[in-house]
Structure formats: C-alpha cells, structure tokens
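Here's the structure we're looking at; comments come further down.
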Amino acid sequence: MKIVILLSGGLDSTTVLYLARSLGHDCYALSFNYGQRHKQELAAAIAVAQLAGVIQHQVISFDLGLWGGSALTDYTLDLPQNRAFKEMAEQIPITYVPARNTIFLSFALSYAEAIGATQVYAGMNAIDYSGYPDCRPDYIAAMQEVYRLGTKQGREGEPIQIITPLIDLTKPAIIQLGNRLGVPWAKTWSCYSDGGGNDPPVACGVCDSCRLRLAAFAELSLTDPLPYR
C-alpha cells in the first residue's frame, strides 16, 4: 500500500515510519522546514528517512515565524524549562504552533492524492493530545471529514485515511514498540533547542519534550542514546 508519513525526525514519527515499513507499505515521507528554532529535527528526519529506505522524502519550506505566536517560531519567547509533568498535561503550552498540524495534514492530503496514496500516517499520541489541541482524537476525526469532503477521492467514496497508530500509547509504550521495530533512537531528535551548535548536537534536557523523553526511557530502565547537557 502506498502511504504518506508525516516525519518530524522525533521519537514518535520515526516509530510510525518504522511501523509502516514493517507492515510492508510503500512509504513516502513528508517533512517541514517551517521556521522552527529546532532545525536539528529536520536533519534527523532526513537521516531516518534515508536509513528506513523511504521511496521519496519531500521537505516543504515556509516560515511560520513571520507571525510567530509560539516559542518554537518566535525567538523572543523563552522555551519553558523544567516544568512539572502535571502542568504540561493541564495547559496548552507556549510551544503550541498555531494550526501547525492543520497545515501539515493539508500538505499531506495534497501529496497523498497527487501520488495516489490511500493513507496518511501521523504520530499523535496520548501524551501529545493532553496538551495540544491539534493532536486530540476529536481533531483527527474532524480532519478526516475534511479529507472526505475536500478531495476528488473522498467525493468518489474512497477518502484518504488518517492513521494515528500511537494515539492511545504513552511515551514508554512507544519506546517499547520502537525497540521491537529497531528504531535508531540515536538518530532521532526531540529537543526544542537546535543542539547548541555542537557536533554531534546536544539536547538541552530541560524543555518539555526532553523531559518527557528522558522520563519515558527512565521508566523502562533504559538509557537514551542522545547526548544531553
């Protein structure tokens, strides 16, 4: 089956890529250079796409930093550090990028319909949707309706399907799945910083994304292979 995968280069989307590959799908990856401060994630996406042997990897460039509204695209805003996990779950964070997943899923829909793909795979999961409005199941259901109503394939009764295989999984469960699939964790990138200009890049260890990732590995008594400050 021909599918499109939204690939950020992070832990979740890389696991989804390796899962789709294990199912025998023909994988077409789509990544974005959208003005994010953590450019290292794009380098990670390119690396894991090559390792996984995707058929095609498209990188789309545009600048959401033109209007900001997020600490990931507005460099005048500070990234949250050392936040409590309870706080992460209860509030929409300043790292939320306005309508980002709507933009990403729209590009993925266009790409999928153009190449004749039947599904779009994305890495939303239980941890994400506790804090981000565009990672929640009701949002995915609404976008699925857009896919049905807004495309030729959808109107002909064969809408492209949005597949979110991690939607009910916690971060530790995702890591366990990734280990079974042989995901190269050392090639992935989750940090909201750019790696500090180091070679190899070094994750900050204190942003929300780093803390969730580190806690998940620790819960499984595993060592995250990424270097941290």
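Numbers here mean position along the shown chain, with the first residue as 1.
Heads up, the Cβ atoms here are built off N, Cα and C, so glycines get one too.
As recorded in Swiss-Prot:
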BINDING   Leu7, Ser8, Gly9, Gly10, Leu11, Asp12, Ser13, Thr14, Thr15, Val16, Leu17  ATP binding site
BINDING   Cys191, Cys204, Cys207, Cys210  Zn(2+) binding site
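Structural mapping of features recorded in Swiss-Prot.
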residue	record	Cβ contacts under 8 Å, 6 or more apart
Leu7	ATP binding site	Ser13, Thr14, Leu17, Ala29, Leu30, Ser31, Ala45, Val48, Ala49, His57
Gly9	ATP binding site	Ser31, Gln40, Glu41, Leu42, Ala43, Ala44, Ala45, Ile46, Ala47, Val48, Thr188, Trp189
Leu11	ATP binding site	Lys171, Ile174, Ile175, Gly178, Val183, Trp185, Thr188, Ser190, Arg213
Thr15	ATP binding site	Gly123, Leu166, Ile174, Leu177, Gly178, Leu181, Val183
Cys191	Zn(2+) binding site	His38, Gln40, Ala203, Cys204, Gly205, Cys207, Ser209, Cys210, Leu226
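Here the binding-site residues are Leu17, Cys204, Cys207, Cys210; the one with the fewest Cβ atoms within 10 Å of its Cβ is Cys204. The Zn(2+) site is defined by Cys191, Cys204, Cys207, Cys210, and by the 8 Å test on Cβ atoms against their centroid, the other residues of the chain that qualify are Leu79, Ser190, Tyr192, Ser193, Ala203, Gly205, Val206, Asp208, Ser209, Arg211, Tyr228. Other than Leu7, Ser8, Gly9, Gly10, Leu11, Asp12, Ser13, Thr14, Thr15, Val16, Leu17, the residues of this chain whose Cβ falls within 8 Å of the Cβ centroid of the ATP site are, in sequence order, Ala45, Val48, Gly123, Thr188. Mapped onto three states, the DSSP output places Cys207 (Zn(2+) binding site) in coil.
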